[in-house]
């Protein structure tokens with residue numbers, strides 16, 4: 001009798017262990033997939049597809065409270081919370097990104113609208129780090145970043161882009177589009193300008209785009225070149241500054257803009273439980289989210305060409321906020337006084353990153369196939385005619401002299417050494433990233449294996 005019970009328990013434990021190893025939870029749903037695939041899985045199941053149709057009808061033209069007051073809508077939501085659709089995510093720049101986001105927001109839009117200051121990102125968590133960008137940039141340029149510390153890095157970035165066919169073509173396209181005057185009263189076509197900018201930042205590798213956006217500067221001319229990167233006279237500035245909350249509401253009416261803003265808040269929201277003030281100490285995730293907003297209503301940019309401080313902001317103010325002024329100021333400070341974003345920009349300019357897990361080295365970088373270099377596209381009138389210097393961003397050279405320290409002020413740069421920035425993330429750190437990782441599955445397997453051993457001993 002004891003052996004029979006032990007056998008049943010063994011079968012049950014084996015099923016749980018198999019689910020954990022394959023990425024499924026005991027309820028049978030796999031780990032999150034992209035929303036296009038999740039929609040296909042839901043459509044193949046009659047119960048899920050009918051509930052999904054019901055929920056879409058519930059959300060149409062109704063606010064959250066009205067929807068939740070309907071029992072049929074509540075029942076549909078409860079069923080979908082157990083489906084792949086509820087936890088699905090999208091990949092930025094994926095082929096069907098807009099379709100994926102439409103599916104995602106069709107469930108999440110009515111559940112958070114008007115109640116959440118920050119919305120969770122609909123995109124998959126970023127796992128790459130700045131060190132990967134530095135390594136690729138070093139390989140592509142063929143030069144040591146420390147050998148040209150006195151050069152104009154923003155000028156070098158433009159020249160390096162011109163040596164890459166894809167970067168040169170798309171950069172030339174957005175500069176031409178954003179600089180084209182339509183009429184005496186219309187400076188440019190902002191819609192077309194934004195579209196060209198989105199294509200550039202979505203299709204050109206970040207080892208080129210980051211160098212243009214976040215190059216380090218030691219003089220005002222360099223800083224002004226950096227500010228002019230996105231042709232702000234067309235893509236950024238306007239006759240008047242709208243209220244920031246109005247601008248946010250306008251952004252949230254567009255699935256793509258809403259997703260990029262939510263992604264920025266997820267990856268750049270200040271975390272006082274991390275070494276760098278960034279969630280997960282991941283500079284790369286924050287900078288990628290910032291670049292992802294360029295080309296939308298919420299396009300951010302440097303507010304001036306100062307080299308004493310780095311301040312970025314969308315084109316908006318909090319004038320006319322009324323009793324919402326506190327919320328507006330809080331929203332604006334996430335750009336203008338954000339130590340995570342500022343530290344990330346400074347770290348990229350210094351060529352430094354945080355080494356969090358020396359036990360888990362970065363995956364090897366796969367180089368793209370080589371392409372023939374075409375003649376460089378002439379840059380603007382400030383570019384020199386000397387041979388192109390494609391060096392990467394200067395590294396922090398004063399670490400050995402003064403020692404590494406984290407500066408959260410606007411006036412100082414951020415310098416870290418590889419060995420001294422090895423740290424562990426605090427276990428109670430709050431981020432939007434899903435905490436269901438492989439490590440928890442391995443620990444659960446260990447506990448179940450120990451339980452299995454004890455049961456066998458008892459049986460014997």
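Each Cβ is built from the backbone N, Cα and C atoms, and glycine gets one as well.
Keep in mind that this is a model prediction, so the values were computed, not measured.
The region 'Disordered' annotation in TrEMBL falls on one of the ranges 357-376, 377-396, 397-416, 417-436, namely 357-376. When the C-alpha distances from residue 215 (disulfide bond) to the disulfide-bonded residues 42, 234, 328, 340 are tabulated, the minimum falls on 340. Comparing local CB density within 10 A for the disulfide-bonded residues 48, 217, 251, 286, 318, the maximum falls on 286. Each of the disulfide-bonded residues 178, 188, 215, 257, 316 was scored by other CB atoms within 10 A of its CB, and the lowest score goes to 188. Taking the Cβ of residue 154 (disulfide bond) as reference, residues of its chain lying under 8 Å away and at least six apart in sequence are, in sequence order, 212, 215, 217, 222, 223, 225, 226, 229. Summarising the environment of residue 234 (disulfide bond), the number of other Cβ atoms within 10 Å of its Cβ, over all protein chains shown, is 23.
Across the fold, the C-alpha of residue 328 (disulfide bond) and the C-alpha of residue 178 (disulfide bond) stand 29 Å from each other.
In the predicted model, the domain 'GDNF/GAS1' (244-340) shows an average pLDDT of 93.
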